[in-house]
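Worksheet: one structure, shown below.
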């Protein structure tokens, strides 16, 4: 086979690419546009200044990574609410099953993806931190 | 004419020192920024950006790299043979730079009534009215470029590491195979020029009725010489001595800090040298439109041609993957060597009938 033409073709292709616009994203200064249905950090939805969660235990049940801990409590109106709601981000696989399972639309996933931290304990998001990101 | 030392005017020595300084600093800067240019060009060819953070568009990157390497720890392996280990980077670096002594990078300029040819190892003899340079310039370059491999072999041997040794072995085998074809490719140029002096060779390509470059008279030799040169300086399609995928980093596996940087400087300086030599032999050297009328244009044309060839080197690096060892040997001994011999025979026959 003629060995020269492929080399010339290759050179032509690389030269064409030289004038293409680079796809690089200058990350810390330039931010990626997160897709609308991106599955990032969880957030607990709020309604009437309270978390919508009714502590039904469907999300910890469906969670394949077993990263959600819920403890139910009873408030002044004798309504069931989540006294404790924790998600361990080190175990979470961001599958979104918890969002799908929730009957009262209390949990959703945000576009937040920068989840690095300095301590292991910081990866366990408690109810307060999950509520913060509205 | 003023004070004379050893029968040569004072101006000769001043001009010589100035030429050496200018050429050395220029090559050094080119070497530093060749690394930057390479990263940028290959980056863009791969639809990336390349260095962007240090300085505007990463322009300070070579300086940052240099400073970083300078402050790194020097490591000498306990089982290495220290003297050869320390000597090797110097042996690699020095031949890469001293080749520039004979390469003409411009015509004759006149400073304060003294004519200075822009070629380090040459002077203008006023009595004879012409430039004298080393009349075996090409031979000198071939000698120096083959000295460079000693640095690599020494590094490979002295490191006392199997990867380094294999890298050194490959380098020597590769150099020997490709130097033959490179030398023979140049021979066909000598058959046309009838001289080994680089100054004369450039002068013969000067007439600008267009196609007086030896690249047009000897296209096959030009291409073969460039390919062989790439192999001799271990550039990418032939970078077997430091093949990362197989040999960690080849001959410089055990080197760190400035000694490692010296190998890299040698590699890029060799690239500059080879491009300058190809320019001189095949692309008309410093010749170009108006180059003789305006002497300062000569170096501009020369540098432009050299940079173009360096771009081609980087372009090839971005395009071609590394050859396998047997493919390398096959290409060297079974393709390039017979072709260069045939080229000499053809040149001889055609030359005989034309004259």
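FYI, residue positions are counted from 1 along the chain as it appears here.
Cβ coordinates are placed from backbone N, Cα and C, and glycine is handled just like the others.
All TrEMBL annotations are machine predictions without curation.
Annotated in TrEMBL:
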DOMAIN    A:44-73  domain '4Fe-4S ferredoxin-type'
BINDING   A:53, A:56, A:59, A:102  [4Fe-4S] cluster 1 binding site
BINDING   A:63, A:92, A:95, A:98  [4Fe-4S] cluster 2 binding site
DOMAIN    A:83-112  domain '4Fe-4S ferredoxin-type'
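DSSP assigns residue A:98 ([4Fe-4S] cluster 2 binding site) to a helix.
Cβ neighbours within 10 Å of residue A:59 ([4Fe-4S] cluster 1 binding site), excluding its own Cβ and spanning all shown chains: 25. Cβ neighbour count within 10 Å across all protein chains ranks A:102 highest among the binding-site residues A:95, A:102.
Closest in space to residue A:92 ([4Fe-4S] cluster 2 binding site), of the binding-site residues given as A:53, A:56, A:59, A:102, is A:59, taking the CA atom of each residue.
Sequence-distant neighbours of residue A:98 ([4Fe-4S] cluster 2 binding site) (same chain, 6+ apart, CB under 8 A from its CB) are A:42, A:59, A:62, A:63, A:68, A:107. Taking all protein chains in view, 19 other C-beta atoms sit within 10 angstroms of the C-beta of residue A:63 ([4Fe-4S] cluster 2 binding site). Around the Cβ of residue A:56 ([4Fe-4S] cluster 1 binding site), 17 further Cβ atoms fall within 10 Å across all displayed protein chains.
Local packing around the binding-site residues A:53, A:92 was summarised as the count of other Cβ atoms within 10 Å of each Cβ; on this measure the leading residue is A:53. The [4Fe-4S] cluster 2 site is defined by A:63, A:92, A:95, A:98, and by the 8 Å test on Cβ atoms against their centroid, the other residues of the chain that qualify are A:59, A:62, A:64, A:65, A:67, A:68, A:87, A:93, A:94, A:96, A:97. For the pair formed by residue A:95 ([4Fe-4S] cluster 2 binding site) and residue A:56 ([4Fe-4S] cluster 1 binding site), distance between Cα atoms is given as 19 Å, rounded to the nearest Å.
Here the domain '4Fe-4S ferredoxin-type' (A:44-73) is broken down by DSSP into helix, strand and coil counts: 5 helix, 11 strand, 14 coil.
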